[in-house]
Amino acid sequence: MPTFPTTTSSWDNLLNALARSSIWNWLQAMFIGETTSAPQPTNLGILDNLAPAVQIILGISFLTLLAIGLFALWKRSIRSIQKIVMFVITLYQLYKKGSDFFQVLLANPEGSGRQIQDNNNIFLSLGLQEKILKKLQMVENKVRDLEGIIVARKPASKRDCSSEPYCSCSDCQSPLPTSGFTS
């Protein structure tokens, strides 16, 4: 009968990882190799005590809104599966954003994590502004080209509009006759 190598150290690592308070600590222990026997103490005060309750409230509200929305869509019509799927995806994204915001708040209660997110939004905004500027420059070039085409098609000689009572041509330099009323 073959003998298997002892794997008590990997079982111990697995049990230690399962005993940790967050998945982040477990990921650090597995991939980076940090092994701390006790979780690091945090001093979050009331936020530390409210974290499980808020996450449960977020989960319950997500499931409640999901049930209400699905019931409303089902009562209305079953033919639109795409609307139901879009509703579920949107609701899940809202839940994830709320949960992520709460996790950032738990990780850094001073609020500097929000500043990092704002910096990312600034870079995103700058990239979007660059794209808009390029599109505007492209439109401006097309307008110039169209103006050139219009000028090229315009007749070189001006028409004599003096014989017509009301001139409707665009290259007439004389003012239009009025009906006696002046403004």
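Each Cβ is built from the backbone N, Cα and C atoms, and glycine gets one as well.
What Swiss-Prot lists as transmembrane segment is 54-74, and the listing cites sequence analysis. Residues 80, 83-84, 87-88, 91-92, 95, 98-99, 102 of the same chain lie 6+ residues outside the transmembrane segment (54-74) yet bring a C-beta within less than 8 angstroms of a C-beta in it.
As annotated by Swiss-Prot, coiled coil applies to 127-150, with the evidence given as sequence analysis.
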Within-chain partners of the coiled coil (127-150) [C-beta distance under 8 Å, separation at least 6 from its ends]: none
